[in-house]
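Sequence annotations record features per position, and here TrEMBL assigns transmembrane segment to 21-39, 51-69, 81-101, 107-125, 137-160, 166-189, 201-221. Residues or ranges marked as domain 'DUF2914' by TrEMBL: 287-354.
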Amino acid sequence: MRKYLPKSFEMDELAQWYMRYISPFALIAGFFADNLILLRRVDVWTSNALLFSYLFIAATCIVVLNLITTGRIRAKWILNITPLIPVVAQFAFGGLFSGYLSLYSRSASFATSWIFVVLVAALLIGNERFVRHYMKFSFQISVLFAVLFSFLIFFLPVVFRSIGPYMFVLSGVTSLVLIALFLRFIGYLIPELLKRERTRVARIIAVIFVVFNILFFTHAIPPLPLALKTAGIYHSVERTQDGIFHLGAESQPWYMNYIPHTTVFHHTPGSIAYAYSAVFAPTGVSTVILHEWQRYDEATGEWIKKATVRYPIIGGRDGGYRGYSFIKDISEGGWRVNVITQYGQLIGRISFTVVDVSTPVPQVDVEN
């Protein structure tokens, strides 16, 4: 057991001990804590306060670390804890990456947003090996700008209670202004550092800014703060006076719900197919959601749009704003319903196969 404990309480030894034995477990525990407890919604003050605290800790570590490396701070007790500062910065950035992975993955459709989600996951995992790079000023600023931009993408829509491309543009401009103010503060404290690194940092920030814009306008960034809570294809949809939706679903084994592209809709002459979805939006946010019905054309290998249904949603409900659309006498073959924003961002997708039958199949009632 003793081999897993630090041999001494020297700062270098403690930092190495944390990185080797504690950090991997902290990564896993932090991710599950974010998913299950801390970051349940993007519009509650506790979630944003937690992310704000991580940003503040990371920025503070950058300032202190560079004051030490340039000789501005010479207090012995601070110099003694210098090996721990990159570890603290890594912890703060790791908390941000974990939080973003939790939030963005809930809002992502793997079909279009997998690039951004995988990138965040890679940064989260790679963060455990970045501790030495946190000594480099250009690396510090690049990561700080990336996490700041990622935060403002969903924070500003919550503040202004509005979503759309213009909010993303505002998030980008605000990120540039804030990072410029931070660099000006660094330049006031350590002018020779900023003079030496200015060109390199500016190029890195420009590249990150362009990449984020490309990802957003190609719909590779999930449409946070919107998130698909539930969706499915049903034989009937009824809403009671007390606001409960009763959905007529085909009976199938429980494990089929976790296997993609296995849903079968058994169609009888004259029956109706209903696409039902519940989309979460922050409190006070109103927007428009679209159901885009598409059928797969085996001859051309393309998805052909058959119908588009629009309906407004109002944010605030924890389980998401519920809505549905339907098609009568749906034809046999492969189908999907894209749940998208009015700006074309994919929130989620319902994929299913239509099979013609002569008699109705058994159904179960699902409440939502």
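Cβ atoms here come from the backbone N, Cα and C positions, even for glycine.
Note that TrEMBL annotation is computational and uncurated.
For the transmembrane segment (81-101), the partner stretch with the most Cβ pairs below 8 Å, chosen from 51-69, 137-160, 166-189, 201-221, is 51-69. For the domain 'DUF2914' (287-354), the DSSP-based tally of helix, strand and coil residues reads 0 helix, 50 strand, 18 coil. This prediction places the mean pLDDT of the domain 'DUF2914' (287-354) at 93.
Listed by sequence, the residues of this chain that lie at least six past the ends of the transmembrane segment (137-160) yet keep a Cβ under 8 A from its Cβ atoms are 42-43, 48, 51, 54-55, 58-59, 62, 65-66, 89, 93, 96-97, 100, 103-104, 120, 123, 130, 167-168, 170-172, 174-175, 178-179, 182-183, 193, 197, 200-201, 204-205, 208-209, 212, 216, 221, 224-225, 282, 285.
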